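> From Swiss-Prot, for reference:
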type: BINDING; residues: 132-188, E210; note: ATP binding site
type: BINDING; residues: E277, E290; note: Mg(2+) binding site
type: DOMAIN; residues: 106-317; note: domain 'ATP-grasp'
Amino acid sequence: MASIATLGSHCSLQVLKGAKDEGLKTILVCEKKREKLYRRFPFIDELIIVDKFREVLDEKVQSTLEQNDAVLIPHGTLIAQMSSDEIESIKTPIFGNKWILRWESDREMKEKLMREATLPMPKPVTNPSEIEKLSIVKRQGAAGGKGYFMAANEDDYNTKRNQLISEGVISEDETLYIQEYAAGVLAYLTFFYSPLKEELEFYGVDQRHESDIEGLGRIPAEQQMKSNKVPSFNVIGNSPLVLRESLLDEVYTMGENFVEASKRIVAPGMNGPFCIEGVYDENAQFTSFEFSARIVAGSNIYMDGSPYYNLLFNETMSMGKRIAREVKTAAETNQLDKVTT
């Protein structure tokens, strides 16, 4: 029987607790500095202690994972710590589609896939000189919002970019992505596509809390205008959200379109968990500005099951447990090749 492995960060506790609930062995690749934390949790069967997560690329670590018939569950830390080439070189079977993680990390590829899926998107801005209205500037990959900033025009862009460079938040040669800012209620829509059942499941919705942009509302406008600090969009945590029921049909349609587009563009497609991220405007119209092609940290708020998964399963079902069940079913039916790459 396969075991479940992941990096000790992001959503690893949820992933491994779900795997243990499904009766699978659990393995955590853990940095030394976090060993004390993860030793607290009895559902973690084995810790592989490393100095840096990049050691998962080493033959020694991959050999240990192979001996345990491990399936590696990717999350945001894997993408943030390693290049797409490095992730694709990992010999350990990766749950889902490791090739699509490159499309998540590269902004231009990401935009292409979202357009193929006919997701409504903000207008991209190809050059700072073309900023005509409030825009948001983003880094490549899974940066967790750190180093993002807003700009009203080219001068504003250059001032804030230079300040973040001087503070060491971004590098001078870093490629930044600009898109017009979409205002509304933040909604991060999480799905699970099962290649075994060929079925899409809507898991739930969360909102992300970002510092220190969320704290600015408590500062009087006079003091805000005198401050030279560039606000940060660093994600600190998440909270649950339940949508109006009338919005759910469109939610499923967007998820299905994304799955089908992924099959056409980056085989074998969007298998496993993914998230379409955006905002609802005053007319309840959704605009999508991102996608994540793997489990997201927002799923941590539903470790006892989400409202929408409670409608599909007559048991407590976290995303970690859902992943483990897919792996377990695939292993029992000799179909692991359908759920891993």
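Backbone N, Cα and C atoms are what each Cβ position is placed from, and that goes for glycine too.
Not measured: the values here are computed from a predicted model.
Set these features in their place in the structure for me.
The DSSP secondary structure for Y188 (ATP binding site) is strand.
When secondary structure is read from DSSP and collapsed to three states, E290 (Mg(2+) binding site) falls in the strand class.
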> State the Cα to Cα distance, in Å, between E290 (Mg(2+) binding site) and Y188 (ATP binding site), rounded to an integer.
9
> Going by DSSP, is L164 (ATP binding site) part of a helix, a strand, or coil?
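L164 (ATP binding site) sits in a helix per DSSP.
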> Measure from the CA atom of E277 (Mg(2+) binding site) to the CA atom of E180 (ATP binding site) and give the result in Å, rounded to a whole number.
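Given the Cα positions, E180 (ATP binding site) is 15 Å from E277 (Mg(2+) binding site).
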> Summarise the model confidence on the domain 'ATP-grasp' (106-317) as a single mean pLDDT, whole number.
91
